Amino acid sequence: MEKTVEIYTDGSCLGNPGPGGYGIFMIYNEHEKKLSQGYKLTTNNRMEMLGAIVALEVLTRPCVINITTDSQYVKQGIESWITNWKKRGWLTSAKKPVKNVDLWKRLDLACAKHTVTWKWVKGHSGHKYNEIVDDLARDAAGSKDLLDDVGYQP
């Protein structure tokens, strides 16, 4: 039987574009895990996506995932928009290249390994776990240990 994992993610960007980070809080039974990382130059949407991607990629076996985000961009993108983007060769309905295509492809692949249910929560509304991941993301964005977001294109 597959494990059920609760995942909460958030992204933050100081400037947009600017330094950014993601925060992840994972719960499996009584086990909890926090992850975060900051990047030198990125956007809030990339950090929202990367939080979800990293959370899914760290799981070594297929799981049942309930992932909660405050990003409508990520939730709608993966649940609705991505199907047509792939049919159109990663072009929008306006025939323009999909932004953050590197991360959309990675998120699509990461989701395929699991059974994922996406949930949306309003940011900064007092939701316990969303506040935790928001703090993790902001702290990561402001840290000295920043990586290069190699896929970021201004």
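Keep in mind that glycine also has a Cβ here, set from the backbone N, Cα and C atoms.
What Swiss-Prot records for the Mg(2+) 1 site is GLU48, ASP70, and among ASP10, ASP108, ASP135 the residue it adds there is ASP10. The Cβ of GLU48 (Mg(2+) 1 binding site) has THR9, ASP10, GLY11, TYR22, THR69, SER71, TYR73, VAL74 as same-chain neighbours under 8 Å, each 6 or more residues away in sequence. Taking each Cβ in turn and tallying the other Cβ atoms within 10 Å, the top scorer among the binding-site residues ASP10, ASP70, ASP134 is ASP10. Recorded residues ASP134 (Mg(2+) 2 binding site) and ASP70 (Mg(2+) 1 binding site) have their alpha carbons 10 Å apart, per Cα-Cα distance. Other residues of the chain with a Cβ within 8 Å of the Cβ centroid of ASP10, GLU48, ASP70, the Mg(2+) 1 site, are THR9, GLY11, SER12, MET47, GLY51, THR69, SER71, VAL74, GLY123, ASN130, VAL133, ASP134, ALA137.
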